[in-house]
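> For 10-15, 79-81, 114-120, His135, the entry in Swiss-Prot reads FMN binding site. Among the features that Swiss-Prot reports, NAD(+) binding site is placed at Tyr12. Positions annotated as substrate binding site by Swiss-Prot: Trp99. Taken from Swiss-Prot, the feature domain 'Flavodoxin-like' applies to 4-191.
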Amino acid sequence: MAKVLVLYYSSYGHIETMAQHIVEGAKSVPGVEVTLKRVPETIPVDQARAIGVKVDQAAPVATVDELADYDAIIFGTPTRFGNMAGQMRTFLDQTGGLWMKGALVGKIGSVFASTGTQHGGQETTITSFHTTLLHHGMVIVGVPYACSGLVNMSEITGGTPYGATTLAGADGSRQPSANELDIARYQGKHVAELASKLAS
């Protein structure tokens, strides 16, 4: 049985929502075990609450060592100046021991993201994230254009061939759209299908 981990960091809930739909898509594939976890918050709790960070989230916090237990990992992060959030970076910077052992070599790695604006760095966030995964020897999986949501021209929407994305709005008021959530589910299903094939 293939094991898929959806691992995310979410400040205000947008990536958390996307992650839940990624999980939904992955769980639609028979014979795949799907786990949802998050990386630790690095902002002190009082400060985080003061700036509106969603501190209380249902997903348990992951440990670095457990990454080796999965056949595929789908990472989710908000954008910080075209890169992953510092909380995710801090978590991944602790994976040197896994790298030394080659513990993630041959496993699937996939990424989804959120930005505050339409041109806020969605694609650079995902592609720069890929660098870390490639150093670990992971096999990168995105979202193919077989996903019809990628060519939706009837609305402003996230979604890239590199991975699902959502636009949060500069003030965080915009929630993931139906199209963005469809792409997220597609990504989860696509990764799970490939993980199942690799694990068999």
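Glycine too: its Cβ is placed from the backbone N, Cα and C atoms.
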> So among the binding-site residues Tyr12, Trp99, who's got the most Cβ atoms within 10 Å?
Tyr12
> Could you list the residues of the same chain, at least six apart in sequence, whose Cβ is under 8 A from the Cβ of Ser10 (FMN binding site)?
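Counting only residues 6 or more apart in sequence, the Cβ neighbours of Ser10 (FMN binding site) under 8 Å are Glu16, Ala19, Arg38, Lys54, Gln57, Gly76, Pro78.
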> Find, among the binding-site residues listed as Thr79, Thr117, the one whose Cβ has the highest number of other Cβ atoms within 10 Å in the structure shown.
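Most Cβ neighbours within 10 Å: Thr79.
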> Measure the Cβ-based neighbour count of Ser114 (FMN binding site), defined as the other Cβ atoms within 10 Å of its Cβ.
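Taking all protein chains shown, Ser114 (FMN binding site) has 31 Cβ neighbours within 10 Å.
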> Around the Cβ of Gly13 (FMN binding site), how many other Cβ atoms lie within 10 Å? Please give the count over every shown protein chain.
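The answer is 17.
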> For Thr79 (FMN binding site), what is the secondary structure by DSSP, using just helix, strand and coil?
strand
> Taking the Cβ of Gly120 (FMN binding site) as centre, how many other Cβ atoms lie within 10 Å?
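Gly120 (FMN binding site): 20 neighbouring Cβ atoms within 10 Å.
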> Rounded to an integer, what is the Cα-Cα distance in Å between Gly120 (FMN binding site) and Tyr12 (NAD(+) binding site)?
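With distance taken Cα to Cα, Tyr12 (NAD(+) binding site) is 17 Å from Gly120 (FMN binding site).
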> Can you see whether DSSP assigns Ser114 (FMN binding site) to helix, strand or coil?
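In three-state terms, Ser114 (FMN binding site) counts as strand.
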